[in-house]
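J.: Have a look at this one.
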Amino acid sequence: MTNSAPQPTDVSPIEVPTAVREAARAARRVTVLTGAGMSAESGVPTFRGAKGGLWEEFDPMTLASQRGWDADPDLVWAWYAWRIGLVRALEPNAGHRALARWANGGGVEVRIATQNVDDLHERAGSEVLAHVHGDLFALRCSVCGAPFEDEPEIPAEPVQRLEPPLCGECGEYVRPGVVWFGGMLPEGAFDAALDACLDADLVLVVGTSGIVYPFASLPDIARGHGVTVVEINPEDTDLSSGVDHVWRATAATALPALVEALEADPA
Ligand code: BJW
């Protein structure tokens, strides 16, 4: 007997708002802008939010800035090593999987631009157009910039300090491939996200507090060009008042519900 029934996490008990369903049914090009909330139901901590986040426990300027790295690379690397180990041990959630199914289902072009430095969209089967805040796993030398291809040693338990790996080219410390505050975004990443927003019929903004720029400017720019913008987030955000429709739901419940609704009643 074949088991074709959806997995329990793929079954969403929630209703898709009519306006959201209709906007999605009519769209041929959808751009999905994701933030930390997209991966929250996989177990990746968010940075901010009503239920707390990394920045409640850790100081962003100590751990996510060039200044913090220069002051204490062992402290910063220990934190990133913890996060690398954490993400590796986690799995994409039903929201990641729903986006991949939507994109690979044909008929509609679904592009993803994410602020997330994890690889959960890719592991769910999506191609990511832009990792605007970089990639946790793309390690590189902090001085000469050479990519570091070796597997870094990740302690089984979180540690307070850990000496970063050394660059094979110049012997300086290797750093994570993420964008710290005040840092430049990966070349072309923001432009790719921007073009995808301007070129879309629908922009879905999923799981971001909308306070970190320039990414946070994208929904407003898209809307200014006549693109319908929908926010999916269980909480009110800085973006909520500037979108066409707000859907107060989580990524792992809303996205499967939306994709199931479209599959049941395509355009
Ligand atoms: C759920 C959920 C569920 C929970 N389902 N949802 C213009 C104006 C003002 C300031 C600036 C500006 N332009 C630039 C700046 C400075 C700065 C900035 O924006 N500062 C603001 C904080 C004020 N920007 C920069 O420095 C950027 N660089 C830059 O612009 O370079 C050019 C430049 C250089 C020099 C001078 C000026 C310009 C770089 C920003 C880099 C951000 N880096 C971080 C860390 C990455 C590395 C790492 O991971 O360690 O990126 S900070 C952190 O915030 C991380 C995130 O990508 C980013 C955004 O967070 P996100 O994704 O929105 O997550 P949260 O936690 O904030 O929100 C989670 C949301 O999910 C909440 O709303 C929840 O409700 C929701 N949620 N469960 C759905 N189940």
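Using N, Cα and C of the backbone, Cβ positions are placed for all residues, glycine too.
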J.: In TrEMBL, the NAD(+) site includes Gln115, Asn116, Val117, Asp118, Gly207, Thr208, Ser209, Asn233, Pro234, Glu235. Which of Ala100, Ala192, Ala251 does it also list there?
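T.: My reading of TrEMBL gives Ala251 as the candidate in that site.
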J.: What are the other residues, in sequence order, whose C-beta lies within 8 angstroms of the center of the C-beta atoms of Cys141, Cys144, Cys167, Cys170 at the Zn(2+) site?
T.: Ser142, Val143, Gly145, Ala146, Gly168, Glu169, Gly171, Glu172, Val174
J.: Cβ under 6 Å from an atom of ligand 1: which of these binding-site residues qualify? The list is Gln115, Cys141, Gly207.
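T.: Among Gln115, Cys141, Gly207, near ligand 1: Gln115, Gly207.
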J.: Of these binding-site residues, Gly207, Pro234, which scores lowest on Cβ atoms within 10 Å?
T.: Pro234
